[in-house]
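Input: a single structure, listed below in C-alpha cells.
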C-alpha cells in the first residue's frame with residue numbers, strides 16, 4: 001500500500017517537471033544570426049566617373065555610362081531627365097545645321113532687306129528689332145504645350161517612352177529590338193555631342209567673328 005502511495009506521488013511530481021530541451025549547437029546559432037543580418041550593399045563604381053558610386057536609377061536607359069555626379073536621378077524622375085536631354089539634344093542638332101548654314105550663305109528668298117549681310121551672331125538682335133522673335137516664341141510655346149502633355153502621360157505611367165512622339169521617319173520600320181536599342185544609343189550620343197558642339201560654335205563665333213568654321 002505504501003509503495004503504491006509513493007509511486008503515485010512521484011508520478012504527480014513528474015507531471016509538473018519542465019520538459020527537457022535539447023541544446024542547439026553553437027554553430028547553428030551563429031548560422032541563424034548570420035542569416036538574420038542583411039548583407040551590406042556592394043559598392044559599384046561609375047564607368048564614367050570611377051571615383052564616384054554608380055547611380056542605380058540610370059540602369060536600363062540608352063547611353064547609360066553612370067554619369068550623374070550631382071545625383072539628380074536620386075530625387076528626380078529619370079524619365080523627366082531623359083525627356084529633357086532628348087529635347088535639348090534634338091534642338092541642338094538642328095541648331096548646329098541652321099547656325100552653320102546661315103554663315104555659309106543660305107538664305108530664304110526673297111530675303112527681307114533687314115536680313116542682308118547678317119551672320120548667325122548678328123541675326124539675333126536684328127530679328128528682335130524686327131519683331132520676328134515674338135513669332136518664334138509663339139510657335140515654341142505652342143510646341144511646349146504638346147511636349148508637356150506627352151511628358152505628363154509618361155510620368156503617370158502610360159507606358160510612353162521619354163522623348164517618343166510616334167515619329168521615326170521610317171528609320172525603325174522592321175527593325176529588331178537590338179537594332180532599335182542601337183538607334184536609341186546613337187541618337188542620345190549625337191544629342192550629347194550636339195549640345196557640347198553648339199556651345200563651342202557659338203562661343204567661337206562670338207569671340208573670333210570669322211564665320212564658319214569659326215577658327216581664328
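One-based numbering along the chain as shown.
Cβ coordinates come from backbone N, Cα and C, glycine included.
As written in TrEMBL, here are the features:
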BINDING   73, 85, 88, 186, 187, 192, 204  chlorophyll a binding site
BINDING   90, 128, 132, 155  chlorophyll b binding site
SIGNAL    1-15  signal peptide
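When every Cα pair among 90, 128, 132, 155 is compared, the largest distance found for this chlorophyll b site is 36 Å. Listed binding-site residues near residue 192 (chlorophyll a binding site): 90 (candidates 90, 132, 155; Cα-Cα distance within 10 Å).
With respect to Cβ neighbours within 10 Å, the binding-site residues 88, 90, 186, 192 differ, and 186 shows the lowest count. Per Cα geometry, 155 is the residue among the binding-site residues 90, 128, 155 nearest to residue 73 (chlorophyll a binding site).
Each residue contributes its Cα atom, and for residue 187 (chlorophyll a binding site) and residue 90 (chlorophyll b binding site) those atoms are 9 Å apart.
Cβ environment of residue 204 (chlorophyll a binding site): 214, 215 lie under 8 Å away, each six or more residues apart in the same chain. Here the candidates are the binding-site residues 128, 132, 155. The one whose C-alpha lies nearest to that of residue 85 (chlorophyll a binding site) is 155.
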